[in-house]
Amino acid sequence: MDSALSDPHNGSAETGSPANGTTRPPSTPEGIALAYGSLLLMALLPIFFGALRSVRCARGKNASDMPETITSRDAARFPIIASCTLLGLYLFFKVYFPNKSYTGSVLKSWKTQKNKKGETAVIQNPTRDSPSFPLEIFSQEYINLLLSMYFFVLGILALSHTISPFMNKFFPANFPNRQYQLLFTQGSGENKEEIINYEFDTKDLVCLGLSSIVGVWYLLRKHWIANNLFGLAFSLNGVELLHLNNVSTGCILLGGLFIYDVFWVFGTNVMVTVAKSFEAPIKLVFPQDLLEKGLEADNFAMLGLGDIVIPGIFIALLLRFDISLKKNTHTYFYTSFAAYIFGLGLTICIMHVFKHAQPALLYLVPACIGFPVLVALAKGEVTEMFSYESSAEILPHTPRLTHFPTVSGSPASLADSMQQKLAGPRRRRPQNPSAIYEESSPKDPTAVTESKEATEASASKGLEKKEK
């Protein structure tokens, strides 16, 4: 997971040199300000709209849009899994493919030689710089092509799901919309299991076609605008569909990734290397020389999607907590949203001053957790915040235990009291319909008075009959 904000070509020591040996000119202050401001705006959009859509997703009934809940166990294991994945990618690109492209080929790495019998044998050329035969088969170009095809499919689906609610407003009322269902099952009879059950309609197919145009553009050109469209779609879908079950789980996840981000950015060059080598829409980029070169600019500042999705799902959780309070205010959502702006802005300032890639979660995690907790302390709602369960919105009829009953006395006395209650006479439930109605009805004074009058009237009529 890429989770670092880097500025690789800002006239600093990390500035790369083109192939002709000329150095890249430093970016102008206007171009740098435009790049940083655009990255900040692009980071805020998926968090804001993804949080709003997460509320509708939690209340929705469509099985294909059900959110994936992250538990405390998942949150504790996530930094370890992310570290193993990141290190594996680094070893894959750095050790096996030290250069982006090899000048040597298989014919240069391997040569033929005749032995004493006149037979031709293929032996390896004993040069240290030439790659070995298996590495030439799995060249970096083929690996990046495979990854591009993979993210091509994922990007089309994510972008189609993102633009579908907006595109539905532009379809006319008489649009011929038909329902479809993609169903894959395993087994037969009673043992049949659903593998994929996806429902869609004609409008979704139109959105899928429009997203495919962006996908082909990205696959052929790898343009930074197409990369950002896919990156924004991935971020918005992540904030919408990944739900934390409570605030404690969010603190565990953000705390673990805080250590993960600091170690892999400051302790090693692993994360920055993977971010620059991995040709996939896992980061948002914006050129710092856009004003000079236009859309063909190539001096990029980048922001990892992890710096958007991880704080975003925590901010979305606080929005759902605001709604659960039923106070018609979104205090914690706006507080955490402002905290994210402050943390990312601080990251950009420090990166610009020290000319070095910064772990954005180093500044985002304390801000996104600290600011809402301080507000909860001021309002006296810390207990409500940490006892809130997001899964209760998906299953609204599930009973929840909000407090434990107070029990006093020794175990022996409690056991004796329970036996006395069990041995005591049992009361019969009243069979009078009016009495049953009185018990089941709410304690409304007018309703109780009317039921009493009806009972007294029926009793007086019964006495009159007996007297006659």
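FYI, residue positions are counted from 1 along the chain as it appears here.
Placement of Cβ uses the backbone N, Cα and C atoms for every residue, glycine included.
Some features that TrEMBL has for this protein:
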{"type": "REGION", "residues": "1-28", "note": "region 'Disordered'"}
{"type": "COMPBIAS", "residues": "12-25", "note": "compositional bias 'Polar residues'"}
{"type": "TRANSMEM", "residues": "33-55", "note": "transmembrane segment"}
{"type": "TRANSMEM", "residues": "76-97", "note": "transmembrane segment"}
{"type": "TRANSMEM", "residues": "142-160", "note": "transmembrane segment"}
{"type": "TRANSMEM", "residues": "247-266", "note": "transmembrane segment"}
{"type": "TRANSMEM", "residues": "300-319", "note": "transmembrane segment"}
{"type": "TRANSMEM", "residues": "331-354", "note": "transmembrane segment"}
{"type": "TRANSMEM", "residues": "360-378", "note": "transmembrane segment"}
{"type": "COMPBIAS", "residues": "408-420", "note": "compositional bias 'Polar residues'"}
{"type": "REGION", "residues": "408-468", "note": "region 'Disordered'"}
If you count every Cβ pair below 8 Å, which range out of 33-55, 76-97, 142-160, 247-266, 331-354 shares the most with the transmembrane segment (300-319)? 33-55
Given the transmembrane segment (33-55), its same-chain partners at Cβ distance under 8 Å and 6+ residues beyond its ends are 5, 27, 67, 165, 228, 232, 235-241, 243, 284, 286-288, 290-291, 300-303, 307-308, 311-313, 315-316, 319-320, 323, 333, 337, 340-341, 344-345, 348, 352
Report, as numbers and ranges, which residues of the same chain sit near the transmembrane segment (142-160): CB under 8 Å and 6 or more residues beyond its ends. 92, 97, 204, 207-208, 210-212, 214-215, 218-219, 222, 229-230, 233-234, 237, 278-281
